[in-house]
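*Asks:* The following block contains the structure, expressed as structure tokens.
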Amino acid sequence: MKMNLPPILLLAALIACTATHVRSDASDHRYNEGDAVPLYANKVGPFHNPSETYRYFDLPFCSAGDVKEKREALGEVLNGDRLVSAPYKLEFRKDKDSEVACRRKLTKEEVAQFRTAVKKDYYFQMYYDDLPIWGFLGKVDKEGKTDPREYKYFLYKHIQFDARYNKDRVIEITAKMDPHSVVDLTEDKDVDADFMYSVRWSDTNIPFENRMDKYSQSSSLPHHLEIHWFSIINSCVTVLLLTGFLATILMRVLKNDFMKYAQDEEAADDQEETGWKYIHGDVFRFPKNKSLFAAAHGSGTQLFTLTIFIFMLALVGVFYPYNRGALFTALVVIYALTSGIAGYTATSFYCQLEGKNWVRNLLLTGCLFCGPLFLTFCFLNTVAIVYSATAALPFGTIVVIVLIWTLVTSPLLVLGGIAGKNSKAEFQAPVRTTKYPREIPTLPWYRTTIPQMAMAGFLPFSAIYIELYYIFASVWGHRIYTIYSILFIVFIILLIVTAFITVALTYFQLAAEDHGWWWRSFLCGGSTGLFIYGYCLYYYYARSDMSGFMQTSFFFGYMACICYGFFLMLGTVGFRAALLFVRHIYKSIKREGASRSRGSSKLFRIKSFEASVERLSHAVDPLASSYMVTACIITTPDQICLVGERVHSGAEEATSFPESSLSRPLLNNHLSNPSPIL
């Protein structure tokens, strides 16, 4: 399906502008010695529950006067960032030693609150000149103790900031907690706490442009790269072996089929058609629930386009480490801008399937992916509100998202649908479809939909499962993932394997005379999404330390939406590959059938003429018979002896008759018309 070039260029320009805006978010401030550089406290939360984060001052930290909130972009809010001014003052290139931020008397309730946080391994996150800072709130002393009731809990009260600069710019900053300066939280009693901090500055030759390399190198260390490349090599070898095996089988079977169907004409007339050629009149019969099918196809195409654009931005360096909210911003903006692709693809395909109610199809397309996502968001946002977590979106952010949907996504979806309806494209079927559907024979259990989906999903999943661990550890943990080139290679492998395995299973389905391949190819292609969700269960219980109702809800809820998106996207890839394959093999059969039909037609007409002559030989005198033989000699010299012998034994005399200019048109007309002329 073709789209006009200008809309594509406009979409690329808008995304490029968005990418530029996101990339320029990095701070390029310059400072003089002694200038105040803002330090923002972001959030706190259990280290093993990345979605369960709270505002920094939800814990009873001391604050230096009025707490100022930093204005945040859409992506930062979606990421759960809630930046406020921190109580520590870090002037540029100004050292400090054991500076007291504040003195505070902690009540029993506040002590219990801090103790619970230390018990759950709470960490804090801050930003200094857009550079991230982490640290743990306290420690648990378990040495020599087996009973958890004997554990001792301590709160760190002294932070050591080590900062590095290059001329007038901040390059690096880290935070270390002093293990000897702590507050005992073991007992429920009031305690005095003096929160202090120290600052040490040192110069460096690292340029400002490379200051983020420190964070991206953690995923590019030699041993990590070796694992990633081992994953790629393992996937490639597995894919090459299995797909090569399937390709060999498929090509041999197809070759045998074509040889069988290309036998000589007389054998073909006597042979009953079997296999995938037998159902040529049903294979392009439109599927049931074609409105839903077209909507799924359109949504999958949009998600595929979205994924390609996200990879483009990642490969050019937009999603550098700790570019807060860049990925979420890109997802929202690109999804809104690509909604026209979903509308155009779904409506155009729906009209090709001879659908009538294109408006309902367009509404279904708009809600097919966003509907479940919206319901999931409503539930999880309610859970976050109950927990008072930063994952709960403010009302203003929800209004912004609704406005984007109303003013951008919906209009583009409608415009795409109108363009698809007016495209007037027709479905290209190489063979005609019969009026009544052929009954599908009873198939063994392993040829039914669910076993076929299991086989179709396992092979693509086996090519990506190693890389899935690193992606999960980044999305649902604190590992940094920056090797987008390797991830893109894995994605390409996933697409190739999905397309190939779907084509193979579609062929075997047609060979079994099952013409219901439309939905089957989509379900088989998308079944990898189900395997990914199955991996979610394994990762949660075997590879992570996540716990609690909120974190569990967020993990399985949003992963269900992501896997559903993969299901639609890969289902579309599988269906398009299967459609291309089915069109190709039936187009080849059509060409061979046309060639064979011309030969069969000529043979039929010659036999018809011979039969007419033979009937005449029994009804008229020998003179008339010799006349017809003469006509046969003039018209078809290759057949004169055969016809002459069958009509009259004196055909030799007829061969001496002179050629008649009037008899040739008469017999040519007979050979072009099967009806006897005698």
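Backbone N, Cα and C define each Cβ position, glycine as well.
TrEMBL feature annotations, pasted as is:
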SIGNAL    1-24  signal peptide
TRANSMEM  227-250  transmembrane segment
TRANSMEM  303-322  transmembrane segment
TRANSMEM  328-350  transmembrane segment
TRANSMEM  362-387  transmembrane segment
TRANSMEM  393-415  transmembrane segment
TRANSMEM  453-472  transmembrane segment
TRANSMEM  484-510  transmembrane segment
TRANSMEM  522-542  transmembrane segment
TRANSMEM  554-582  transmembrane segment
*Asks:* Top stretch among 227-250, 522-542, 554-582 for CB pairs under 8 A with the transmembrane segment (303-322)?
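*Replies:* Result: 554-582.
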*Asks:* Sequence-remote contacts (6 or more beyond its ends) of the transmembrane segment (362-387), Cβ cut-off under 8 Å?
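*Replies:* For the transmembrane segment (362-387), the nonlocal Cβ contacts are 52, 291-292, 294-296, 298-299, 302-303, 339, 342-343, 346-347, 393, 405, 409-410, 413-414, 417, 549-550, 553-554, 557-558, 560-561, 564-565, 568.
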*Asks:* Excluding the flanking five residues on each side, which residues at least 6 beyond the ends of the transmembrane segment (227-250) place their CB within less than 8 Å of a CB in that stretch?
*Replies:* 459, 462-464, 466-467, 470, 483, 486, 489-490, 493, 496-497, 500-501, 503-504, 507
*Asks:* Can you work out whether the transmembrane segment (522-542) touches the transmembrane segment (328-350), with the criterion being 3+ CB pairs under 8 Å where the paired residues are 6 or more apart along the chain?
*Replies:* no
*Asks:* The transmembrane segment (328-350): which same-chain residues, six or more beyond its ends, come within Cβ distance under 8 Å?
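*Replies:* 1, 3, 7, 11, 14-15, 18-19, 22, 73-75, 78-79, 290-291, 294-295, 297-299, 301-302, 305-306, 309-310, 313, 318-319, 358, 361-362, 365-366, 401, 404-405, 408-410, 412-421, 423, 425.
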